[in-house]
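Trainee: Annotated transmembrane segment per TrEMBL: B:21-44, B:74-94, B:106-124, B:130-152, B:164-188, B:208-230, B:251-278, B:290-311, B:323-340, in sequence order.
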Amino acid sequence: MPKQSGPKDGRFKMLLALTGMLTVLVFFISINAGYLKIPLMDVISTLLGNGTAENELTIFDFRLPRIVLAILVGMGIAVSGAILQGISQNPLADPGILGINSGAGFTVVLYMFFFQGTAFFSGWSSVFIMPLTALLGSFLAAFLIYVLSWKKGHVTPARLLLVGIGINAAFGAGLVIFQMKMEPNNFMKALIWLSGTIWGTNWTFVWALLPWLVVLIPFAIYKSKVLDVLRLGDSIATGVGVRIERERRLLLMISVALAGVCVSVGGGITFLGLIAPHMARRLVGARHARVLPLTAMLGALLLLSADTLGRVIMAPVELPVGIIVSILGAPYFIYLLVKNI
Amino acid sequence: MNAKIKIDKALLNTYKNRVTSLVIMIAGLACLLVSIVASINLGAADLSYRDVYNALFQFDEGNPAHTIIRQLRFPRAIAAVCVGAALAVSGAIMQGMTRNPLADPSIMGVTAGSSFFIAIALVVMPGITYLGLMMFSFAGAGLGAALVFGITSFSRGGITPVKLALAGSAIASLLSSLSTAVGIKFNISKDISYWFAGGVSSVQPQHVLFTLPFIVAGLLVALVLSRSISILSLGEEVAKGLGQNTGIVKLIGMIAVLLLTGAAVSIAGMIGFVGLVIPHIIRFLVGNDYRLIIPCSAILGGVLLLVADIVGRMVNAPFETPVGAITAIIGVPFFLYLARKEGRGL
């Protein structure tokens with residue numbers, strides 16, 4: 001492919017910069033908002049290392065890790081959705097709707113149930129066990145979806161979606177069985193976690209999540225040409241020489257891994273993986289080399305904004321970020337469905 | 001007269017189908033009777049069959065066994081039967097009217113709408129009567145159905161199974177998010193989760209008394225409408241060609257669906273897949289005539305939910321497994337089968 005810069009390249013860079021700037025803006029609002037209001041000048045001086053001990057504690061130990069996690073989770077889920085939409089050739093795919101979240105949720109609730117919250121919020125070993133548990137669940141869900149939508153040697157996009165919805169219901173039922181047997185206290189924790197919330201306000205979670213994203217997102221961008229070809233449909237992709245099923249499986253694994261690790265820290269966040277890629281495609285066209293980076297940026301911006309909103313809107317009660325995303329995202333989903341893009 | 005015969009031919013209402021449906025109804029009723037007795041008999045307190053018989057026909061207020069049967073076991077069994085029948089018939093009507101194999105009250109967002117409105121009712125009016133709760137449930141059922149059905153029918157290219165399932169799961173996810181938000185804000189999550197899990201474990205006699213008329217009314221409307229639904233299931237154009245006012249049939253059908261599903265959710269919460277599975281099995285056995293499908297669905301739906309409730313009690317005693325989870329475990333493989341068969345078109 002000789003052509004590297006296109007007519008929309010300048011626009012793409014400008015949009016990346018713009019979302020970046022907006023994220024920084026929300027970052028400052030988010031660091032300031034909360035039970036303790038910290039004036040902007042104090043925030044800046046604390047970030048530069050000359051703050052009071054109290055401000056340093058609030059910012060560095062509580063707010064900053066949460067903000068960083070919201071950004072990372074937002075990126076991961078958004079890119080996961082973009083890949084899923086690419087391989088299913090369906091603009092309405094999303095890891096939450098397809099049941100990958102509930103697969104992860106199911107194993108995490110099993111974990112919470114059998115260890116009854118002993119090492120759940122404390123203890124740093126759980127920090128690394130949680131993502132692995134969630135990852136296991138999301139891969140289980142993806143495996144089931146893939147195998148069950150396999151028919152006569154290939155997987156059709158519509159079947160993939162329908163089977164995903166079925167798997168979602170199955171894991172949902174499994175969840176209910178265990179949830180109802182939990183103690184009220186753990187039950188609330190599980191419920192809030194399942195609704196999607198950035199619950200690890202701890203740097204350890206950042207270190208647990210970061211390596212996954214640093215490897216998987218660039219790899220997805222590296223694969224963007226394959227995604228471009230897959231979007232054209234199976235027959236064209238085969239004609240061009242792409243080994244469809246193999247590439248589809250690999251990309252599905254990347255997408256599921258991203259969703260899985262993000263769900264382990266951010267809980268069941270639905271619709272973000274749907275909205276962000278859409279907005280990106282609208283802004284910069286269909287080429288994944290542009291769509292994926294912008295999707296990541298938009299995902300970060302959206303989730304950080306939603307998390308900030310969730311903390312402020314009903315303070316002192318905190319609303320899980322997943323609920324905010326759902327309430328904002330569902331109408332957009334409906335709009336897309338009606339327009340039938 | 002001639003036209004009527006033609007329609008019947010088109011519906012494949014053969015002699016064989018009528019016999020099959022008669023067998024299903026009789027066998028189903030027998031199963032229902034046996035399951036009701038089993039349901040009343042099984043549980044933590046040990047009861048004899050004589051107790052069951054006496055409690056129903058020679059009630060003795062001083063006998064604690066009789067009180068358990070009259071206050072707990074009997075209402076529970078009847079509730080399970082009513083809910084199962086209501087959901088199955090509701091699913092049958094939807095599938096017939098929309099010609100969509102995946103139509104079902106839970107997939108079409110009806111049950112999610114009901115649960116959301118019940119959550120709101122619990123917050124806005126903490127001391128709400130059961131009848132009031134049911135009215136909210138009806139309103140919510142209407143909202144959920146209007147959202148999902150309205151959206152898919154307005155979309156370009158019309159209603160397809162995939163679109164319906166997607167819109168349904170999106171609306172359900174939106175409405176349950178809103179319910180969770182309400183629950184967290186007002187600290188009633190555990191109360192709300194009862195409706196989300198779906199079950200008949202804490203049904204009281206007056207719940208049954210209040211819901212029964214609505215469910216019976218819904219079933220009667222469905223039966224009266226069954227011939228029109230059969231004609232509608234041949235396709236909108238055919239139905240119009242035969243002189244049917246499809247608008248009115250759809251409106252009345254929708255009212256029946258809302259009555260049945262709203263009442264079912266108000267008594268037992270969100271129970272999915274009954275309305276999906278039963279009509280398919282019945283249609284496979286007795287053909288496409290809804291005059292046979294609807295009564296058979298009602299009976300088998302009642303049996304299914306009653307048996308699911310008994311299984312939920314037995315499988316992990318003394319804990320109860322929510323009956324909604326059991327029906328989902330039965331229903332999901334079925335859904336997947338249909339998805340593999342019908343998964344085309346968006």
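Note: Cβ is positioned from N, Cα and C throughout, glycine not excepted.
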Trainee: Residues sitting near the transmembrane segment (B:290-311): Cβ under 8 Å, six or more positions beyond its termini, same chain?
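Mentor: For the transmembrane segment (B:290-311), the sequence-distant neighbours (Cβ-Cβ under 8 Å, at least 6 residues beyond its ends) are 13, 17-18, 21, 24-25, 28-29, 31-32, 35-36, 38-39, 42, 76-77, 80-89, 91-93, 96, 199-200, 219, 222-223, 226-227, 229-230, 233, 271, 274-275, 277-279, 281-283, 321, 323, 326-327, 330.
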Trainee: The transmembrane segment (B:251-278) vs the transmembrane segment (B:21-44): three or more C-beta pairs under 8 Å (separation of 6 or more)?
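Mentor: The answer is no, given that the two segments have fewer than 3 Cβ pairs within the 8 Å cut-off.
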Trainee: Under an 8 Å Cβ to Cβ limit, what residues of the same chain, 6 or more beyond the ends of the transmembrane segment (B:106-124), are close to it?
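Mentor: For the transmembrane segment (B:106-124), the far contacts come to 90, 94, 132-133, 136-145, 147-149, 164-165, 167-169, 171-172, 175-176, 178-179, 182-183, 186, 188, 191-192, 195-196, 257-258, 261-262, 264-266, 269-273, 275-276.
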Trainee: Could you pull out which residues elsewhere in the chain have a CB under 8 Å from any CB of the transmembrane segment (B:21-44), counting only those six or more residues past its ends?
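Mentor: For the transmembrane segment (B:21-44), the nonlocal Cβ contacts are 52, 69, 73-74, 76-78, 80-81, 282, 285-286, 292, 295-296, 299-300, 302-303, 306-307, 309-310, 313-314, 317-318.
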